[in-house]
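Shown next, in structure tokens, is the structure this report addresses.
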Amino acid sequence: MLPEQSLTTPLPATATAAPARRAAVLGVGAALPAHREPSTETERRLGLPPGWIARRTGIRERPLVGPDEATSDLAVRAGAAALAQAELSPERIGLLLLATSTPDHLLPPTAPVVAHRLGLKHAGAVDLAGACSGFLYALALADGYVRLQRTCVLVIGANVLSRRTNPDDPKTSALFADGAGAVVLGPSEGSRGIVACWLGADGSCWDDLYIPAGGSRRPLTPERVARGEHLMYMKDGRALFRRAATGMAEAGRRVLQQAGLDLDDVAWWIPHQANHRLIEEARRQLGMPEARTVNLVDRIGNSSAATIPLALALEAHRFAPGDLLLLTAVGAGLLSAAVLIQW
């Protein structure tokens, strides 16, 4: 369990009380598939020169699910780990938010399945489709629910992107991976918890990265599947790179301004783990020192909404109580988000 400071006991749903001051992180969890595909193997499969992927992305291996694994399996593992660290029984959770772009099925949503398997008998559950920014959008919504309802919320980011990438396209198959991370938030009257959130969207470039078919605009047909339209398509990688790097830096500045803080107050910056070059460009624009940047994309790849909760869980040993964490992400849509958390 993470260090506790003035955490309040969740009240029954019928009780009335003033909103809690903060939504604090009580526990974190991670789930990665056992199989890792080295970038050298991906290069051989795609006919790329040795070292091509590592030089351009910083990714040296990607966790990939087996044939019998799905998003819900990873989400359940990560959620169970977060609950265990928080030392909370499943009955204490009032809401589950699952940030994913790869639900088990188009219908129904996957969150209720995850809630059932985790034994969350008193929780609402819903999916959030915010692409790479989805986990931060979910944190922002969870923050309000925790404080208003004075209950605990389980937030999970989980994806199986290997099933949505074109295996013959290096722009996507060399980047995207599978994984899940989870955070338990609970009401607190102390200083720990979510300090500020900032959310943004620019739909003018919605098709920078998208899956052409499978929705109401272009339903799936055998012909569209044969053309690979059910897989991810990146229209212009360079344009997306520029927008994402600038967007992450801008989101970080906006949330700091909103909180009345500056970069010197931040102990750790945890960006969406898109690829090493994008993180470095966003870091340069933001002005964050490398020594205070969390970057583990080399071993987890890009699992979209899962990368930030994975970083929180896998690197938690580096964070000290009271540290201010800056989380930033930009995702397809184009969605951007930033969250400040006092650890």
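Just so you know, glycine gets a Cβ as well, placed from its N, Cα and C.
The following features are taken from Swiss-Prot:
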{"type": "ACT_SITE", "residues": "Cys132", "note": "active site"}
{"type": "ACT_SITE", "residues": "His272", "note": "active site"}
{"type": "ACT_SITE", "residues": "Asn302", "note": "active site"}
{"type": "REGION", "residues": "273-277", "note": "region 'ACP-binding'"}
Helix-strand-coil residue split for the region 'ACP-binding' (273-277), DSSP-based: 2 helix, 0 strand, 3 coil
Cβ neighbour count within 10 Å of His272 (active site): 31
Per-residue pLDDT averaged over the region 'ACP-binding' (273-277), given as an integer: 94
Beyond the flanks of the region 'ACP-binding' (273-277) by 6 or more, those residues with Cβ under 8 Å of it: 56-59, 132, 175, 241, 244, 295-298, 300-303, 307-308, 310-311, 330
Length of the line joining the Cα atoms of Asn302 (active site) and His272 (active site), in Å: 8
DSSP state at Asn302 (active site), helix/strand/coil: strand
Cβ neighbour count (within 10 Å, all chains shown) around Asn302 (active site): 24
For Cys132 (active site), nearby residues of its own chain (Cβ under 8 Å, 6 or more apart in sequence): His272, Ala274, Asn302, Ser304, Ala305, Thr307, Ala329, Val330, Gly331, Ala332, Leu335
DSSP-derived structure type at Cys132 (active site), helix or strand or else coil: helix
For His272 (active site): DSSP state (helix, strand, coil): coil
